[in-house]
């Protein structure tokens, strides 16, 4: 009988302290998430120093809760997986040092995990990954298209040249007057409005899978500034709808085109913006038309969580990709360099 593999995973790359226990690469035995949204809301965004302090305060309790919820002890754990980057360096160091302490104290292998690899593997929890596939990464810090021909092989075929899509959402939300976090509020507001503005769709070079959202963001900001200067009423829902349609159209088109060019019949979506209802519907419609299998995690698995780190960690464990106690956090790590090849 094959022994179950239990991975204890730690995620502290931004403003969630999360610890999870994953069995055999798919089964979530626990997934404890300590959110800091209320602490950062008054600042209109994540404050790195505040995030780090909250991680320090919560990491030990979160580890203990995850073990209790999973009904396991550290002796049952086979390895410790931890996000080493990218992310806020102060926040990352809390999780990395906690994971190193556990690995040392209990003599367990230590597995460094790329944060974006974790988001990709969140899809595997609900529907096993099949290859080849295209992954659309949409989050506050990243917007990428990634081709994968097997587990842990990452070829970045497109990425943002300026703002990440989630960053653009938050800045537009602030301009409209919405509270942090702005992305979900723009999405909700977009469902109520009409596409009355001619905001740009930025396609860049012909056949390019890169993205650019700074021009769109600036167009929205300038439009609202001009209307306020002239005392022209602003219909916030229409701004949200027009902005979101511009974003979603470009993301959907490039993701579908990538699937066609690479001969792929599987598209997965990863990152916090993957919970956006407008994007989910657009991708679902176009994937149906083009006979492409679409997988998007449940909203609770789109945001930062340790379960996704544990799933990616399971496959790294199988490949024997361990780190020693000199492991450090890194604010930037290239996904392709992290690839198995």
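Yeah, the Cβs are placed from backbone N, Cα and C, and that goes for glycine too.
The annotation Fe cation binding site is assigned in Swiss-Prot to 115, 119, 304 on the grounds of sequence analysis. Here the Cβ of residue 119 (Fe cation binding site) has 29 other Cβ atoms within 10 Å, regardless of which shown protein chain they belong to. DSSP assigns residue 119 (Fe cation binding site) to a helix in the three-state reduction.
Classification of residue 183 (substrate binding site) by DSSP places it within a helix. Within the same chain, the residues at least 6 positions away from residue 183 (substrate binding site) whose Cβ sits under 8 Å from its Cβ are 140, 166, 169, 170, 173, 272, 273, 276, listed in sequence order. Look at Swiss-Prot and you will find 137, 138, 139, 140, 141, 170, 183, 187, 276 tagged as substrate binding site.
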Please compare the binding-site residues 139, 276 by how many other CB atoms fall within 10 Å of each one's CB, and tell me which has the fewest.
139
Same chain only, sequence gap of 6 or more: which residues have a CB within under 8 Å of the CB of residue 141 (substrate binding site)?
14, 86, 87, 164, 166, 167
Is any of the binding-site residues 115, 119, 304 within 10 Å of residue 137 (substrate binding site) (Cα-Cα), and if so, which, in sequence order?
119
Same chain only, sequence gap of 6 or more: which residues have a CB within under 8 Å of the CB of residue 304 (Fe cation binding site)?
11, 13, 14, 15, 16, 18, 33, 115, 272
Taking the recorded Fe cation site as 115, 119, 304, identify the other residues of that chain whose CB atom sits within 8 Å of the mean position of the site's CB atoms, giving them in sequence order.
11, 13, 83, 116, 118, 139, 271, 305, 308, 309
